[in-house]
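Down below is the structure, laid out as structure tokens.
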Amino acid sequence: MDSRDILGLGMALPPPPLPTKDLTTKEPFRTSSTTSSPTIIPLTTTSPPPNRPLPPTPSSKKGTAHSRSGSMSSTFSSPRSPPPTRPPPLKSQASLTTISETRQETAASLGKRSGHSRLHTQSSWTSLASTTRNIKYGRGKHSGVELVPQPSDNPEDPLNWPRWRKESSFYALLLMVALIGVMKTAFISVNVQAADWYRVSYTAAAALTGVPLIISAFTGLVSLVTSRICGKRPLYLISLLLLFIGTIWNTSVRTSYSQCLAARVFQGLGWGAFDTLVQSSIYDLFFEHERNLRVSIYTIVAITTTWGPPLLGGVSSRSQTGFELQFTILSCFFVLAVPTIALGVPETAYDRTYTLPQIAEGSESPYKASMCQGIRRDRIIDTINDYIVKMKPYSYRGSANLVTLLQVPRAFVAPTTLILFFTSLLPYSSLWAFSSSLSLLFHSAYTTTTIGVLMMGPWLLATATAAILTLLPLFLPRLKSQFPVLSSIPTQFSNKINTAAITAGSILAFIGVLAFGLHTDAGIHDGKILGTNLPAISFTLGLLAAGAYVLDAICRPLIRLSTASVSSSDNHNIATRTANDMAAGVTCWRTLFAGILIIAVPSGISSPRSSEVMSSRHGLRDMCIGFAVVQIVIAAAVGSAWWFFGEETMAWDGRVMKLGGSGAASKETSGREGSFFDTD
């Protein structure tokens, strides 16, 4: 075959003249004296035709393909048909390597567009079919915002779900987060009552809070790893079952400490999945410009329902049934929680890394028909049946190789994860430990109702701190436009903001811990509290809580900064997943040591065989001074290390988690040509 045919040029030029030996000597057949050579149709090519004479019309030889139709075909040749026109040149196409640069264009540079536009991905230059991928934008007031991550064309993609389905999943998960928060602090104001009821030490009573927290730290790690293989929905359902069993069991354990502890263990087994997977589910459901508000709501709900319920727990525990009444009330909410989780939270794990389909220019997506059919259904019963069929307990299956299983443990031991953990360890853990010791310190002078009121300070200041620090970035641009005085406030996270947050949080925690220890210890006489200012005690605990959640607020932006610098620049999914793993790692580490400190602190300030405070050794005062000093030292070390070695620390994150050029992230997608996230 002529090479010009391969290059698509054979149709643009006439064939070359045949050799002389192939031409016959017979006179060509003429129909009339006016017969002329065939008309040549001008070619639609970008270059002028060659300037050379046309060859004579060849005649067919006997024995060739032209002579097989009969003898007449050997005596004359039909006029040659005009050559076909050359197809128009292919449109300019962007290669996959340049699409990631296209994403960096702002909405202004792309024009005020809504809906989606087409990008051409590179195909073989000899092929006439081009591959396209839509760049999709938001709707309404977000019509100029490019969607990140880019959803697939599949209607089963959680990013393509209807708004009501996304919101129902989100609020169903929030309900479980609220119930778990109430369970965690159910015994804070009634520990002495539980110790007297079961005739055990105060340390054993505090273990009813500490042990399930320790267990939830491990189940959180296991849930993260398992979600890579089977998705999140099976873990939510199993955790819901464990929580239901533990809560119902806790309503009838008045006579046995062992049964009460076993019921709390069941609850701790169920806490882990909701502690570590809910934020990841939010990232599965919503685009980047929609997430911050939902994550802020999730954070505020978790804090409010953790530190607020002890105010009512002390009141409800004064009934004849004691602390069991709290779990009786909680069990009633499971009438709503069970159906909302079972029917309102589908599987949100979705793998968008697949081979790109070859979609020709102007063609429709293969999913459009099914999507339209689902929208046009007018029978409610069919819609309900279709929805229930999709609510399978187990519908996702991921890779179970060693690389996948080690991604979460690597994120747990990444340098940034450990730095954030050590920075907030003492404020967060001491808040839990001292709150759980309030009943031990004040039971001789105050009722459970009054002890519960002491949690007013932590509840208000922790909630206010979290609300300000999480919601302010969302409304700061609007406030700057209305109040020019605020224009100097930075909106981008930087080393200065990080250092300022660590300093402010550590100072608040230092003041709170030191004031709580010194003020409380001054009122202890012969193992009893006398003349203590309860509002001051509540306020000092509130300062400690505010400091703890200021340090917690820097976790997300610092982790995002780290993952953005070490992850593959063209794979948004890897950076997001790694950030969620690292944030969950900080949560699990803090929860683990908070549970340990809850059990350890009462042992340092109370008699081993009773629930009386030891006044001779000043254990509480010495402990608080030690915590305050150590926190200042840790904050100074961490702040200095991050200021001078921040980039090196983030580079070590990439090495530990094997991100970037080689490792878990790259190995996972190395064999998938045309990954969807290459066009993110």
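Glycine is no exception: its Cβ is also placed from the backbone N, Cα and C atoms.
Any TrEMBL annotation is an automated prediction that lacks curation.
These features come from TrEMBL:
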- 1-125: region 'Disordered' (REGION)
- 31-46: compositional bias 'Low complexity' (COMPBIAS)
- 47-58: compositional bias 'Pro residues' (COMPBIAS)
- 67-79: compositional bias 'Low complexity' (COMPBIAS)
- 80-90: compositional bias 'Pro residues' (COMPBIAS)
- 92-107: compositional bias 'Polar residues' (COMPBIAS)
- 170-190: transmembrane segment (TRANSMEM)
- 202-223: transmembrane segment (TRANSMEM)
- 235-253: transmembrane segment (TRANSMEM)
- 325-345: transmembrane segment (TRANSMEM)
- 411-431: transmembrane segment (TRANSMEM)
- 451-476: transmembrane segment (TRANSMEM)
- 497-518: transmembrane segment (TRANSMEM)
- 530-551: transmembrane segment (TRANSMEM)
- 587-605: transmembrane segment (TRANSMEM)
- 625-645: transmembrane segment (TRANSMEM)
- 661-680: region 'Disordered' (REGION)
Worksheet item: Have the transmembrane segment (411-431) and the transmembrane segment (170-190) got at least three CB pairs under 8 Å, pairs 6 or more apart in sequence?
Response: no
Item to complete: Give me the stretch from 235-253, 325-345, 530-551, 587-605, 625-645 with the greatest number of Cβ pairs under 8 Å to the transmembrane segment (170-190).
Response: 325-345
Discussion item. Could you check whether the transmembrane segment (587-605) and the transmembrane segment (202-223) come into contact, where contact means at least 3 Cβ pairs under 8 Å with the two residues of each pair 6 or more apart in sequence?
Written reply: yes
Discussion item. Give the nonlocal contacts of the transmembrane segment (497-518) in its own chain as ranges (CB under 8 Å, at least six residues past its ends).
Written reply: 423-424, 426-427, 430, 434, 490, 536-537, 540-551, 553-554, 558, 620-621, 623-625, 627-628, 631-632, 634-635, 638-639, 642-643
